[in-house]
């Protein structure tokens, strides 16, 4: 990192080094730096009220990356899907912007496949279904990603995936064509190299085909160090047929990597393919807009107890402000869901009272602690055991030696670095959106396709919550109250609630 950037973005510390950082430090305890690029830094932090680890992307407003990053944030505000990284909060000061993101555990799908060599069809199907669900949700919401690749997909130890990095994504209306050409060359659709208007949803589907091929083969179908040669391969649409896979999978790959986008399937059509038949029951409504849900009263009660106002909480959620209140609500909601899953899996495990997250002196929350009836029960989240190795959203903002660029005339891309080279797959830096470059004539493409065909044959082919999760919230809020009464001796302990208040009993 250049020296002047280090000066502008100092190392994290328990106390704010800049007065503008007080709002961030009052809500989050900064632990360490996860990664950095030329104009951005990603910090590991802990939400003070819930103890939840988060990733904080720090941006300087006077740098070129700020506006693109805020555009990305505005798109992510519209997305809420279990297989897409979540934006929790946006904090802006005079000179900086902070994007508080969900901390994603695991590793890149690229690394996972590289270490495995390749994966079997059954495992690839489970991963692909999750990616398909997320992409279908985006398309149904009028969002195209335009940079789908294994580097932008995180996978954890349980096989759950999350799509990250929406820096090149954009919003579209039904039938709208795009003109900017961007993304990684090896995962780019043929129409991107003809420099014509294109359907962004269809280019995303091509990328899904390349990703699926990479998972089951261990190599990308189109690969060359020479960019014009790589372009010719993609435009010809000829790739080595995968060995040892079913005919149904071969057929799906050939459909996804159809050169003419008019004949390329949509997400809905892919879901009906024989290779996925019987596995898409949970994905049938991925295009539907989520039904607005009234804020959970138990979470609202818990937040009221520690100083928030119910009216402000509801307004923050309904207007999607992505501020301190909405971040606290979503983190509490996620913890309650996780706790319910754990209690379902291991109902006999005895509960242990965890200490309330400490509020360090000099960096405490700006909210005044106040009592609001009997204390709800809150619990504390558990940090991942592998926190030292956990990549977070923003892990793209880090340096990797030996990566190569994928295009000429690259302009600044804040959170993309050049990929590492290896014998199986050479990761490519995503090309920023550009409007023009050298084009390839369709005649030369036709000649190349005929040549390739003579030498190689083409391929043949909202989850329902359990009601029991509310008990976790009730336990959590009670612990907050106990901790506050312990810290503040002037507040008397009350055994019985006020008249008219609902009694909250701990779970036996």
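Heads up, the Cβ atoms here are built off N, Cα and C, so glycines get one too.
Any TrEMBL annotation is an automated prediction that lacks curation.
Keep in mind that this is a model prediction, so the values were computed, not measured.
As given in TrEMBL:
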REGION    1-21  region 'Disordered'
DOMAIN    28-276  domain 'Protein kinase'
BINDING   57  ATP binding site
DOMAIN    294-334  domain 'UBA'
REGION    397-422  region 'Disordered'
COMPBIAS  397-406  compositional bias 'Basic residues'
REGION    437-463  region 'Disordered'
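Every protein chain shown contributes to the tally, and the Cβ of the residue listed as 'ATP binding site' ends up with 26 other Cβ atoms within 10 Å. Confidence annotation: the domain 'UBA' (294-334) carries a mean pLDDT of 89 in the model. Residue counts for the domain 'UBA' (294-334) under DSSP, split into helix (H, G, I), strand (E, B) and coil, are 29 helix, 0 strand, 12 coil.
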